[in-house]
């Protein structure tokens, strides 16, 4: 499926081919791909029509694939806020080096041809062929199933993740996009489902999924999440749908007449919900840097991210920056599974928090669990959260005794409750009836969960628990325990440690 990204989904709104010549550029965001150090480039540019947000994407053979110009004021404001005010502003290049200047000049000369190829039927057919190709010589295309927003692996058309647990640099919005991608009720572009055909070029989802997506983006409290929200809900104006049981034809005769009627869920479209961005519209002067700037005489102070990177790499400069600011990282490193980005670190405490969240992933993958309102093993789980086998919760409690829960995640542990279930053979199963292996679940009070609950209260009373940084998903949510824990801890470290980290 794939959440339609802010800068990629707007392809439907691209205007006709006009010559674009930006006079000045700033806020350059570069991301490499395997085989190409310049896989994507995003920047603010000023042309004859005013300030705009430009995006370009190349393949591993350095061929320009996609080029986008977007001049919605909300998107420009969000991108500018991300560049100027966020702790991750060091990922942006303000003064391009020689290599980046050459890339900008080449892009400028190819811009019109790139847009013509996108608008032509031949170009559309080539893109579809690329997406559907599975030949061995196109392995890099299978690995990158769609274009994503720089710094994310799930926000865009398709995703670029190697596995389901991998997240990009912008962990928060990427987590939201990944959860939205897993919505069980969707209608793909130009497909028929739930009694209606989606004539749009974007997937539409159930309204509950869109509501959770918007809530997740709001809870991040950063500009890249606002960019996603503004694009998806305000610019693209993608509707959602609700399902209602109605009488409809459930079986058709071969000549087209209805053979049988029955109750079936049918989709009813609802208008999109407006996204209110959370960034502060501060009155700041904006002066784009010239495309061919003079080298600065005042090198910036080396940040701790680069200091850390030097311990593992012999590379000291990059070709996309001027020597004056070569100490600043110019490319967003790709997120690795299980390894948090430096921007979210706060020493060993963060690593411990990440390990604890990973322990919840094992709980989510527990083989024996009963989902909310589900009857399994002859037991109805009437609660609004999953009920797990006692072996799974006992393993979690044993781990948490060695690794204290992350500060601020109280509500996540509250959702676990203090009960679990055991499996026992049925007592009234007579021999020869084929039910000797049929077990029934017995709900019991878990002493190990009660001890965990008391321990959590003890830490909170001592003041080490901290305040909850953001609301977790409401009971009954489909978001996993691991995702909720990761979402909370990332918000905590972002608010408490990022500014100190990047300013040191």
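Cβ from N, Cα, C; glycine included.
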| task | Give the range, chosen from 86-114, 115-143, 376-404, that Swiss-Prot lists as region 'Disordered'. | result | 115-143
| note | residue 276 (N-linked glycosylation site) sits from residue 177 (disulfide bond) (Cα to Cα, rounded, in Å) at a distance of 18
| field | residue 240 (disulfide bond) and residue 163 (N-linked glycosylation site), distance between Cα atoms, whole Å | value | 28
| message | Around the C-beta of residue 177 (disulfide bond), how many further C-beta atoms are within 10 angstroms, looking at every protein chain? | response | 30
| message | If I restrict to non-local contacts, at least six residues apart, and a C-beta distance under 8 angstroms, what lies near residue 207 (disulfide bond) in its own chain? | response | 240, 241, 242, 270
| Do you know which of the disulfide-bonded residues 176, 183, 209, 240 has the most other C-beta atoms within 10 angstroms of its C-beta? | 176
| task | Determine the most Cβ-crowded residue among the glycosylation sites 163, 276, using a 10 Å radius around each Cβ and all protein chains in the structure. | result | 276
| note | Counting Cβ atoms within 10 Å of each Cβ, the densest environment among the disulfide-bonded residues 155, 216 belongs to 155
